[in-house]
């Protein structure tokens with residue numbers, strides 16, 4: 001196992017990568033500068049490089065040759081449509097775009113691991129595939145599914161990914177047993193009645209009472225129709241009407257939202273019931289309802305054997321109080337689950353908070369920051385997983 005001091009030789013490099021990438025966030029499938037930067041570095045390290053995978057993705061490969069197994073290490077590369085408020089001297093130069101989910105850190109750490117292993121090839125006994133994936137944040141269908149269609153998983157035995165987390169301190173890692181992240185479906189319901197004047201509701205067909213009952217029924221669905229041991233969320237995010245005045249009964253009204261779960265069966269049950277509920281309640285109010293589902297990412301389910309591998313490996317180079325094995329999943333979404341559906345894998349959470357410097361803020365926050373000392377820990381995690389995997 002390599003120590004933190006061992007990987008410190010690339011620490012200045014990865015901090016430089018991070019600052020460069022942080023200042024240049026790009027949205028999904030538009031990461032042209034990011035992709036070019038990654039490819040250039042991998043070529044400098046002497047890796048076999050494939051560009052333009054899933055449009056803007058990049059793959060680098062180191063072949064050891066002693067063992068016929070391939071370990072895939074994945075980093076997402078896209079930013080978010082947010083205006084940065086971090087105050088960093090290397091803050092985003094791209095107006096309205098920000099690396100607020102740590103993907104710049106993910107890229108930097110994986111580049112650091114590629115650099116370290118390229119300079120210490122005796123540590124690589126098999127094949128390591130470094131995958132830099134576009135569009136984790138969207139747009140649909142997301143980068144993972146496109147990369148899979150283009151063959152990224154060919155010959156891959158196992159897939160590992162690191163995601164930074166401000167919920168944990170620098171130097172800590174966390175991995176979840178089984179369920180890690182939820183599915184992420186979107187829904188829209190358009191309710192149509194008959195518009196009219198507010199003074200004469202009897203002459204109209206008001207869609208608003210139908211809407212309020214539909215919203216109440218949607219909110220009751222998880223607690224009354226789903227087994228409480230199968231966690232799920234149904235959230236209404238927007239309510240919109242085409243009415244242009246306070247004294248007009250609108251003809252149409254629309255709601256949008258999301259539903260999330262960790263079970264394929266529950267996922268389809270919720271979708272079926274949302275459609276039935278909206279249609280039946282609308283009909284009871286003499287309205288019509290058109291239900292639309294936008295299918296998002298599947299749940300991210302960690303493989304038990306790979307989780308055990310990650311934890312047992314971590315115990316060889318981290319103090320036990322720095323390793324957290326959790327059973328509680330997050331209801332956020334991640335398209336890394338698409339890889340884990342095909343090959344065994346695990347998502348590793350890497351602490352990136354330093355409360356001694358400042359109070360951490362959540363991911364997707366315009367003030368989000370990564371403690372730069374966490375980057376070397378991420379390289380250490382990647383490198384030691386590679387060493388252990390081929391033992």
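Glycine is no exception: its Cβ is also placed from the backbone N, Cα and C atoms.
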Recorded Mn(2+) site member, picked from 364, 382, that accompanies 101, 103, 137, 163 in TrEMBL: 364
Reported mean pLDDT - the domain 'Peptidase M20 dimerisation' (187-283): 96
Cβ-based neighbourhood (8 Å from the centroid) of the Mn(2+) site, residues 101, 103, 137, 163, 364 excluded: 76, 78, 80, 99, 100, 102, 136, 363
Residue 103 (Mn(2+) binding site), number of other Cβ atoms within 10 Å: 27
